[in-house]
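Q: Quick one: structure below, then a few questions.
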Amino acid sequence: MPATILQGKEVAKSIRAELAEEVAGLKQQGITPGLTVILVGEDPASHSYVRGKSKGCEEVGIHSEVILKDAATTQEELLEIIQQLNQNPNVNGILVQLPLPSHISEEAVLDAIDPSKDVDGFHPINVGNMVIGKETLLPCTPHGVIELIKRTGTEIAGKHAVVIGRSNIVGKPVSLLLQRENATVTMCHSRTKDLPSFTKMADILVVAAGKAHMIGKEHVKPGAVVIDVGVNRNEAGKLVGDVKFDEVQETASYLTPVPGGVGPMTITMLLKNTVEAAKQQAKRR
Ligand SMILES: Nc1nc(=O)c2c([nH]1)NC[C@@H]1CN(c3ccc(C(=O)N[C@@H](CCC(=O)O)C(=O)O)cc3)C=[N+]21
């Protein structure tokens, strides 16, 4: 039987509907969640992602602002803007769109964001809290991956999950969150020898390698849940994942498409974090 397509877009829609209701309730208490996105430079893909984030905010009733800066912006200017946003009580969430121009240190910028406003979950304090299992703002893509797996009705506890990729924004945090759900987790990466021997053991396979179409049916155990986090452009400029969709669909039990899978969940978890940040900040006033 071919895999069921895990429509992240649909799951995202239903979570956004829940969030919209929650935001309406918060507004009645005088709390309007606010997100500010800082976008440096003219990269078209970044501009397109940021438009998606603004649209998502509008859908659920979050007040959003985008600060556009040209590619020549200095690190000092950017840090100054972040300081002001840290102090602005109307701003509950701050997101600096990555990548930044090469003359700016991403680390310095991410470290400057008030951890309670770090809706990306990239600040070392939030990363540390995630590692030790404390409640904290979770990184959006990894959180979205876990939500998608849960929506299949698959019990994660006791399953063997294999993660391909060890980036700080996807692979590493996904593996931690899967461990937290009591999966047995194996990490694979570009230096792994005999990749299929590992991936073939996976009940849950999360692919975040950033290499178009690198995973075929020879990598996948029949009945596995396959989550494709890949965001690649093919020769025609079309968005494609890391998984050969048609091939793997024949053997997996669930499979996420690209686009329409993990991407919409990423933005939805960002919205969720912004609402969460607004609630936490309101409590502390
Ligand atoms: N500080 C920061 N935080 C991020 O979360 C962040 C970032 N920087 N830089 C870039 C990556 C990439 N990213 C995506 C979000 C949504 C889609 C998404 O919704 N994609 C749609 C399709 C969009 C299209 O067609 O272009 C989909 O998969 O269906 C994709 C990619 C967030 N990122």
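Heads up, the Cβ atoms here are built off N, Cα and C, so glycines get one too.
Annotations per TrEMBL:
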- 6-120: domain 'Tetrahydrofolate dehydrogenase/cyclohydrolase catalytic' (DOMAIN)
- 139-281: domain 'Tetrahydrofolate dehydrogenase/cyclohydrolase NAD(P)-binding' (DOMAIN)
- Gly165, Arg166, Ser167, Val231: NADP(+) binding site (BINDING)
Q: Over the domain 'Tetrahydrofolate dehydrogenase/cyclohydrolase catalytic' (6-120), what is the model's average pLDDT?
A: 97
Q: Let me check the 10 A CB neighbour count of Ser167 (NADP(+) binding site). How many other CB atoms are there?
A: 15
Q: Whole number in angstrom, please: the longest C-alpha to C-alpha distance across Gly165, Arg166, Ser167, Val231 for NADP(+).
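A: Spelled out: the longest distance between any two Cα atoms in Gly165, Arg166, Ser167, Val231 is 15 Å.
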Q: List, in sequence order, the same-chain residues at least six positions removed whose CB sits under 8 Å from that of Arg166 (NADP(+) binding site)?
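A: Expected: Lys172, Ser175, Met187, His189.
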Q: Could you tally the C-beta atoms, other than its own, that fall within 10 angstroms of the C-beta of Val231 (NADP(+) binding site)?
A: 21
Q: Counting across all protein chains shown, how many other Cβ atoms sit within 10 Å of the Cβ of Gly165 (NADP(+) binding site)?
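A: Neighbour count, Cβ to Cβ under the 10 Å cut-off: 23.
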Q: When secondary structure is assigned with DSSP, how many helix, strand and coil residues does the domain 'Tetrahydrofolate dehydrogenase/cyclohydrolase catalytic' (6-120) contain?
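A: The counts are 61 helix, 19 strand, 35 coil.
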